[in-house]
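Undergrad: Have a look at the structure that comes next, please.
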Amino acid sequence: MHEHDSHGEAAHSNSEDMQMIHQHHEHHGHEEEHSAHHEKMKHSADHGDHHRMMMEDFKKRFYVSTLLTIPILILSPAIQTFLGFRVEFAGSLYILFLLSSAVYFYGGYPFLKGIFDELRRRQPGMMTLIAVAISVAYFYSSAVVFGLKGKFFFWELATLIDIMLLGHYIEMRSVLGASRALEELVKIMPSEAHLLKDGEIVEVKVENLKPGDKVLVKPGEKIPVDGIVVEGESFVNEAMLTGESKPVAKKPGDTVIGGAINGEGSLVVEVEKTGKDTYLNQVIELVRQAQESKSRTQDLANRAALLLTVIALTVGSVTLAIWLAYIADFAFAIERAVTVMVITCPHALGLAIPLVVAVSTSLAAKSGLLIRDRQAFERAKDLQAVIFDKTGTLTEGRFGVTDIVGFNHSEDELLQIAASLEARSEHPIAAAIVEEAEKRGFGLTEVEEFRAIPGKGVEGIVNGRRYMVVSPGYIRELGIKTDESVEKLKQQGKTVVFILKNGEVSGVIALADRIRPESREAISKLKAIGIKCMMLTGDNRFVAKWVAEELGLDDYFAEVLPHEKAEKVKEVQQKYVTAMVGDGVNDAPALAQADVGIAIGAGTDVAVETADIVLVRNDPRDVAAIVELSRKTYSKMKQNLLWATGYNAFAIPLAAGVLYSAGILLSPAVGAILMSLSTVIVAINARLLR
């Protein structure tokens, strides 16, 4: 939509359609300020600067044109008659003509240039209408100055251009907020880093860092790159990047994201990713692609805007002809035609959707919800069913204690004894029991004569008594019968360990893949908005049934092999518009098959090819957030399209003079004010999306 400078297409920080906002200008040349790998990140900032430069240009043209309009108003006979004074001297008419010419060519330049850009692309729109309207008024008035019979429209022309310039300036200010989110992401990144080299700290530009370098991050500083902590411990604030509200604890071996804010500890970070591979750059690229991708709704709005332009030009011409035939007053007929063209607002139609998209994709990105496919995001509003992969999505993918049953010991005693014995074991079950004891604040008791029983469990003396923590297989070997409560736990697919005291069963501890605390809230939120919740798992049916009952799922599919997941999704699709939620690795075909594929828990690796939407955090509640945002986005689009269509349907006949007999007639200046307001309303409504 623009003449592009050396930055090319990549310079766009928002939708191609967003360029309608400022299609009346060329890019100003930018200096290349960074090396190639840092360049894309700066493009959106450059584009924002360019947008601001254009705003300033409109403001400057508005001020100059307004100053020139003052003498035009004073010298205009119509204004003199209205205000009851007379200013006339030799050549005053020619001075009026020269001042009006200056306003037409200087103030009207963006619109005059815009018509050539639009016609060259064969996409007449807003600029075409304004340019035709001011040109008709200017050349007709000029002809009157040089002998044609009639009245001139110089003061109307000048005020019309002033209002158009001001309207576009206000509109661009309103719109800038939509495209500012990407610039904010870019601003997060620090420009310098403390490189550790030969035992010394060297200040270097971030773009000069390479994988393997080690950088020092001091307390309160922003982390300059994606990397791995090799020294130090701290809490890191990632809220601006992933939407994670609480600071995240970081220790050696943990990954950190460039742009996150370090807490009170110092960290030494080994550089892992630079340039376009960094998390932030990938997010910026995904948001840019989402904002530039077209959707059916947008195509419809674009066609409607083009059609509206043709209608306005046609109605303007017909209005001119009808009024000429009706009252044979050429000046009056010209004024009606000009008003029709300036009051029509294809801009409001053209911006109705891209503005909302720019706001919603940016809002989503800041919350760690990355939209890769805009059409899929729009489909999310129609979802009827969501299928979750179990392991790592609804559950944590690791053992946790779910039940403790004591026969002659309290739960707390049993847990403390079991944890004390298991503390020396590396087994995942042992780790889960110790973790549960720590969580409940129990200290470990000293164990004497500790011994591991290979493949069966552990034993030792605690508080003078011999205890064992053993598997069900060992219990069978001993010929010990278990009661109903134990059998019930087994039927739920849980792993059960027995605690024996002096050879007798004192109690059992049941463990299972731990259900995420957020899963219950996520499922209840989705069900509250009328969406059926289902689960796919390769796990056995007992485990699947237990998880489904715990979470209140509508249905579940157990013992499904990875290659069968896509088939199950297809089955559900026969009844419902379906989303699939998984980690994007072993369920890639299922994500691709679903109407909306959602990869969850992507962390810093956001380039999940098969997913339409990527959720950075491992939080199922974000699925409900995506559906809600999709519905709100669609609602805003509808509001904007309804407003833009309704406004034009009402304004065009009014401008043509259908209520002339009732004494209602709009001047071109009033038409221009209404047109500007209609676009600003669309922009403000889009920004109200939350």
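First residue shown is number 1, and so on along the chain.
Just so you know, glycine gets a Cβ as well, placed from its N, Cα and C.
If you look up Swiss-Prot, you'll see Asp389 marked as active site, 4-aspartylphosphate intermediate. As annotated by Swiss-Prot, phosphate binding site applies to Lys390, Thr391, Thr537, Gly538, Lys565. Among the features that Swiss-Prot reports, Mg(2+) binding site is placed at Asp583, Asp587. The compositional bias 'Basic and acidic residues' annotation in Swiss-Prot covers 28-46. The region 'Disordered' feature in Swiss-Prot is assigned to 23-46. Marked as topological domain 'Cytoplasmic' by Swiss-Prot: 1-64, 113-127, 173-303, 358-640, 685-690. Look at Swiss-Prot and you will find 86-91, 325-336 tagged as topological domain 'Extracellular', backed by sequence analysis. What Swiss-Prot records for 65-85, 92-112, 128-148, 152-172, 304-324, 337-357, 641-661, 664-684 is transmembrane segment, and it gives sequence analysis as the kind of evidence.
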Undergrad: Excluding near sequence neighbours, so keeping only residues 6 or more apart in the same chain, what lies with its CB under 8 A of Asp389 (active site, 4-aspartylphosphate intermediate)?
TA: Met535, Leu536, Thr537, Lys565, Met580, Val581, Gly582, Asp583, Asp587, Ala590
Undergrad: Translate the DSSP assignment of Lys390 (phosphate binding site) into the three-state scheme.
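TA: SS state of Lys390 (phosphate binding site) = helix.
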Undergrad: Before we move on, state whether the transmembrane segment (128-148) and the transmembrane segment (337-357) share at least 3 Cβ pairs under 8 Å, counting only pairs 6 or more apart in sequence.
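TA: Yes, since the transmembrane segment (128-148) and the transmembrane segment (337-357) share at least 3 Cβ pairs closer than 8 Å, they count as touching.
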Undergrad: Reduced to three states, what secondary structure does DSSP give Thr537 (phosphate binding site)?
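TA: Where Thr537 (phosphate binding site) sits, the three-state DSSP reduction gives coil.
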Undergrad: At 10 angstroms around each C-beta, which of the binding-site residues Asp583, Asp587 has the fewest other C-beta atoms nearby?
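TA: Fewest other Cβ atoms within 10 Å, among the binding-site residues Asp583, Asp587, is found for Asp583.
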Undergrad: Enumerate same-chain residues with a sequence separation of six or more from Lys390 (phosphate binding site) and a Cβ-Cβ distance below 8 A; give 'none' if the list is empty.
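TA: Looking at Cβ-Cβ distances below 8 Å from Lys390 (phosphate binding site), excluding near sequence neighbours, one finds Asp513, Met535, Leu536, Thr537, Asp539, Val543, Ala544, Val547.
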Undergrad: Provide the three-state DSSP residue tally for the topological domain 'Cytoplasmic' (685-690): helix first, then strand, then coil.
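TA: Counts, helix then strand then coil: 3 helix, 0 strand, 3 coil.
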Undergrad: So if I exclude everything within five residues of the ends of the topological domain 'Extracellular' (86-91), which remaining residues of that chain have a CB under 8 angstroms from its CBs? That is, six or more out.
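TA: Cβ under 8 Å, 6 or more out: 74-75, 80.
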Undergrad: Counting other Cβ atoms within 10 Å, pick out the least crowded of the binding-site residues Thr391, Thr537.
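TA: Among the binding-site residues Thr391, Thr537, the lowest count of other Cβ atoms within 10 Å belongs to Thr391.
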Undergrad: Going through 92-112, 152-172, 304-324, 337-357 one by one, which has the most CB pairs that fall under 8 Å from the transmembrane segment (641-661)?
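TA: Comparing 92-112, 152-172, 304-324, 337-357 against the transmembrane segment (641-661), the winner is 337-357.
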Undergrad: With an 8 Å cut-off on Cβ pairs and a sequence gap of 6 or more, do the transmembrane segment (664-684) and the transmembrane segment (304-324) reach 3 or more such pairs?
TA: no
Undergrad: For the topological domain 'Cytoplasmic' (685-690), give me same-chain residues lying six or more residues beyond its boundaries with a C-beta closer than 8 angstroms to one of its C-beta atoms, as numbers and ranges.
TA: 174, 177-178, 351, 355-356, 358-360, 363, 632-633, 636, 639-640, 643
